[in-house]
Ligand code: PHE
């Protein structure tokens, strides 16, 4: 048995610190911006059901695998994979799995920062009171005008990326813990209050039916893939974020319990967001297919109508910015640790260069929303294409390979030693990671691409 490694980048102060940081990574725009709009585009109930199945049967086992690999390898995902592969006498080509994850994280960060920029802009817009008493049409119109202005988008995108670079360049451990400890519960309470408001619109049961009564005729290969991709995106899996956070986790912490807690919190935030948004959609006679502007077209209507809505809405978008920030940090971290380990860069330079590169790709994305919106490939604009490839292709493939490595390449002794699981729970994980997760991901990918 090799001696337990130590990370050169440090360790979390406790298991709770890891849970908080990983939850900070998981809970973000994926839950509040992405989940409702993707659910709306894919017909609601059946999509939600497949999404929940994916979280439970693929997401949780893959999350356990990622944390386990990270903690055992204790380096950037690229080097963790090559070290562990060597240890298990397998090919060092496994490092390309780390590399693909890094690229996926880079691509996600590029558009994530653009959308986080929208959220920042909305903090000020809601605060200014422009939505007071605004109709659904006015709110939608305001969003359309907003995204057609590249200069504004550029400003916010730049500010958000700089905020992310600053935290990562200082090392993710300081500050993240306290921030998440305070932010997540507050965001949760605000969401519950929003659901309360949504109930008062009188369209809550319609929303419940839409989200939880599956209409299987709406299920296509593509919507199943969208549900799988959303599960990976929301849980921060398949690109090394959870792996790198796992690499700072102490050896005594229990991985399975931790993974279940994180997945449960992440999923409840997404469902609450859905329950807050859809009643407002139906109450205002809107269609669920509102696209990626959904939260920005829907929530301000409610903030403009409810008592104290300006203050409440400002706080809501502000918290969403923070939630996005703690996620963006984890998107940049794998790349930065790799540059520090392999290129001998210091953290500040590594964070600045990789952030700048992601920012540049983000600029193309934000221009594709307006001046370059005419250029499309497979009917998708640049930002949609990057979001699709990274989320629905790269993350599931990354997750599949993580599961294969953890449950097929790694010896039973190694994984059992790291997971501290015995008997039936270990066997359950192994069956999920060996068969269920890889087969489900492979079948869904192949069906959606028309190969199967
Ligand atoms: N999980 C984050 C969210 O839901 C996004 C993310 C994806 C973060 C992948 C890290 C890795 O907003």
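Each residue, glycine too, has its Cβ placed from N, Cα and C.
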Of 153-170, 297-314, the range TrEMBL labels transmembrane segment: 153-170
Highest-contact recorded stretch vs the transmembrane segment (389-410), from 45-65, 96-124, 224-248, 348-369, CB pairs under 8 Å: 224-248
Intrachain neighbours beyond the transmembrane segment (182-204), with Cβ under 8 angstroms and 6 or more residues off its ends: 20, 23-24, 27, 32, 265, 268-269, 272-273, 275-280, 282-283, 299, 302, 306, 312, 315-316, 319-320, 322-323, 326
Contact call for the transmembrane segment (348-369) against the transmembrane segment (45-65), three or more Cβ pairs under 8 Å: no
Contact ranking winner - 12-33, 224-248, 431-451 against the transmembrane segment (45-65), Cβ under 8 Å: 224-248
